[in-house]
Amino acid sequence: MGLLKRLRKKQESQGPWCAAVVPAAGSSRRMEGQDKILLPLDDVPVLVHTLQALSASERIREIVVVTREDLIVPVGQLCRDCGLDKVTKVLVGGATRADSVLAGVEEVSARAELIAVHDGARPLVTVEVIDEAIRKAAECGAAAPAVPVKDTIKRAVDGVVVETPDRAQLFAIQTPQVFDSDLLLGALHKAVEDGAAITDDCGAVERIGMKVCLTAGSYENIKITTPADMLVAEAILHSRDT
Ligand SMILES: Nc1ccn([C@@H]2O[C@H](COP(=O)(O)OP(=O)(O)OP(=O)(O)O)[C@@H](O)[C@H]2O)c(=O)n1
Ligand SMILES: C[C@](O)(CO)[C@H](O)COP(=O)(O)O
């Protein structure tokens, strides 16, 4: 079999063309003055761990990073220095997470069948979690990893509990959140135009009536949000080394 045929067969075996969009343009307000995206985790910046994990998935053909204006140059240099060849663009983000994600989706939507949106602040995701979400999204159009919540969750108003939802029906949703490319582009445009207060990308497609399928997440796929998360992340990394 000729080289071209082998390459095409390999590409077909990897399934639909999936691009990753990595929102990394936040302000790290909950990090007590540290910028979490470039914080060293075992001497490697958080964002580099994230991009290495995404690059390890054969299903992800391309990665677009969306970051703050002041980080465009250093992030681009980091990608080159670390050999992150799947990163094709580093774009400027927006005021909200949805704005930032939309900037990345607009960049790749014309050439990607599926788009995996993964937080730059989730450096410990594994290829297994990534590939299962992509596989499921190829099947149902929208999928995201989740884990059952461990604590009992209360809904409260003005400091008074008003509801205790059934814990069996509660899941902490993670990323990568993976979608049909056209679906996500349209849903995000509408959410941003409507000024919808969505905190994840599933929220954008849910609000237009799309069902989102859950896949297996991992309690190790944490989001770096507060300083304590860095301690947990270091411990998880060291446990993997051993
Ligand atoms: N306008 C924004 C806000 C957030 N993000 C990204 O979305 C991911 C999840 O957001 P979060 O953890 O809330 O990051 P921050 O917004 O930086 O955190 P904080 O809310 O504490 O400021 C992060 O990788 C963050 O960089 C983004 O790209 N653009
Ligand atoms: C997308 C997300 O990671 C799913 O849990 C989460 O909603 C991001 O929230 P943030 O406030 O933007 O960190």
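Including glycine, each Cβ sits where the backbone N, Cα and C put it.
Feature annotation from TrEMBL assigns site 'Transition state stabilizer' to ARG30, LYS36. Taken from TrEMBL, the feature site 'Positions MEP for the nucleophilic attack' applies to ARG167, LYS223.
Here the Cα atom of LYS36 (site 'Transition state stabilizer') is found 31 Å from that of ARG167 (site 'Positions MEP for the nucleophilic attack'). In this structure the C-alpha atoms belonging to LYS223 (site 'Positions MEP for the nucleophilic attack') and ARG30 (site 'Transition state stabilizer') are separated by 12 Å. In this structure the alpha carbons, written CA, of ARG167 (site 'Positions MEP for the nucleophilic attack') and ARG30 (site 'Transition state stabilizer') are 27 Å apart. For ARG30 (site 'Transition state stabilizer'), applying a Cβ distance below 8 Å and a minimum sequence separation of six or more within one chain yields THR225, THR226. Among the recorded sites ARG30, LYS36, ARG167, no residue has its Cβ under 6 Å from any atom of ligand 2.
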